[in-house]
Amino acid sequence: MRLDLLGPVATRIITYLDSLTWVGMALPLFSLCWAISYARGKAYPTVPGAPVYGYNSRFEPSFMLKSRTYTGFYDILSNGYKMLKDVPFVIPRHDTNINILPIKYLDEIRLMPKHILNSHLVLISQMTPKWTWLQPAADSDLVTRVLLTKLNPDLQKYVDITRLELDSAFKSDFPRHDEEWTEVDFQPLIRRVLTRISAKIFLGEPACLNEDWLRIAIGYTAGALEVTKDLHKFPSWTHFLVAPLLPSRRRLRRELDIAMKIVEKQIQLHEQAEKDGLKNYDTLLDWMLDNCSDKESSVEAMTIFQCFIAMASIHTTEFSLANVLFDLCAHPEWFPVLREELDEVIRVHGNIGHRLPAKQWLQKLEKMDSLLAETLRLCPTMLTSIQRLALEKVQLKDGTVIPKGSRLAWASLHHVTDPEVDGTLAAWDPMRNYRKRHSGSGENLTKFVAGQINESTLGFGYGNQACPGRYFAVNEIKMMLARLLLEFEFKFPEGKSRPKVFFIGEIACLDHDATLMMRNVRTC
């Protein structure tokens with residue numbers, strides 16, 4: 001080519017291209033494809049006519065709005081709720097479009113079956129199951145079935161088992177400081193105890209005491225989130241290339257391999273007990289093995305189910321219990337109220353599990369239950385705790401069309417704190433439910449308890465797909481809180497105050513470095 005016939009700029013470009021290696025050409029090409037993919041985005045379904053909300057200006061590119069939803073979802077949703085709470089609106093993300101629906105639609109969708117609107121698939125899709133080995137949990141409802149069919153009907157039995165494991169865990173894992181105030185990183189302490197309890201109920205011994213299992217059960221959530229975060233840096237069409245190269249994913253696989261060996265031993269114990277005619281249903285793994293399909297029965301699938309259970313239960317329960325303690329330290333006048341109630345229940349009914357089964361004993365703690373319900377109301381584990389994936393096209397009574405494949409959510413936290421609904425809802429009122437239970441002529445005594453679902457308490461979801469393990473979680477939290485209040489005093493370190501809840505996307509988080517001052521007061 002006669003370069004002298006071209007202009008100087010064109011000459012430089014051609015000379016530069018001639019000098020490039022294949023790597024030098026591939027990297028800019030890949031970057032261009034990445035930018036185009038993110039700029040254009042996949043056409044995720046949206047409710048017809050619903051406006052896209054969150055742009056800072058009419059000139060802001062969509063990929064910038066989508067990027068802001070990772071750390072700015074709370075602010076975008078808050079402003080959208082204020083302006084558009086009575087109509088559907090859309091918050092776009094790189095991985096989906098979230099269709100925010102008005103609260104008025106809750107009653108209409110609450111009983112829709114999961115083959116039409118599915119909440120389970122929304123939860124697990126946030127962990128990119130295809131690339132975090134969680135696909136068996138996405139394809140199966142075995143975990144939900146064991147909670148609804150085994151755990152809940154036998155809740156009293158499993159709460160009693162929890163009491164025994166909690167006794168053991170407190171003796172071995174909780175520090176003793178005599179009567180001197182000591183600053184303690186207490187969140188890892190309660191996380192470990194909760195992990196032991198979960199493993200005892202679901203896997204049994206010896207797995208619940210296996211240090212490798214405790215580490216993996218605690219860490220699998222963070223590991224899967226790390227893989228997901230790494231993958232979200234790339235367009236979805238590149239994930240099959242990127243995923244095998246991620247160090248975070250290789251680390252997760254190594255942990256899964258270790259977990260499989262632990263679960264395999266528990267499966268062997270189950271099989272040997274069957275051969276010996278010693279069928280034992282103390283663990284939920286036993287029920288799962290007896291009621292699973294051939295596809296669900298593999299060691300890897302059962303291990304994934306156990307990891308998914310840990311993901312769905314340990315960190316959420318820890319988050320809720322930590323928030324209760326933080327609320328109490330922010331309002332220390334409520335410590336003596338709860339301790340007086342505990343002392344009275346012990347005076348009348350003895351220690352937990354001695355004269356009454358643990359579940360019935362915990363039901364006597366009405367003031368504690370009310371305080372817990374209030375903290376759960378104001379500090380849900382998900383900003384949009386009610387979500388669905390539309391597996392079929394749905395038309396609502398007012399003509400609103402929900403397209404197949406659309407992801408739906410409700411601004412549940414904003415609704416339960418909306419001053420236009422009730423001017424008192426934004427304030428922490430620990431006896432709110434206690435007063436409601438004791439209003440009237442006794443007809444409300446079994447209502448307004450922690451874990452029950454209504455339009456004022458949406459932290460566990462809503463309708464027929466609300467969290468199936470919520471009643472066990474509530475009993476677990478109350479039991480641990482009772483033990484902590486009987487044995488320890490708490491306060492914030494000098495100069496510290498209540499840590500704020502913050503959100504990464506829709507997921508609620510606490511400062512993991514937040515500590516408390518603790519000291520022994522008495523021994524159970």
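Numbers run from 1 along the shown chain.
Cβ coordinates come from backbone N, Cα and C, glycine included.
Per Swiss-Prot, these features apply:
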TRANSMEM  13-36  transmembrane segment
CARBOHYD  Asn291  N-linked glycosylation site
CARBOHYD  Asn444  N-linked glycosylation site
CARBOHYD  Asn454  N-linked glycosylation site
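Feature map: annotations from Swiss-Prot on the structure.
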residue	record	Cβ within 10 Å
Asn291	N-linked glycosylation site	14
Asn444	N-linked glycosylation site	14
Asn454	N-linked glycosylation site	10
Cα-Cα distance linking Asn454 (N-linked glycosylation site) and Asn291 (N-linked glycosylation site), given in Å to the nearest integer: 32
Spatial separation of Asn454 (N-linked glycosylation site) from Asn444 (N-linked glycosylation site) - C-alpha basis, Å: 14
Where Asn444 (N-linked glycosylation site) sits in the secondary structure, as DSSP reduces it to three classes: coil
DSSP three-state assignment for Asn291 (N-linked glycosylation site): coil
Asn454 (N-linked glycosylation site) in three-state DSSP notation: strand
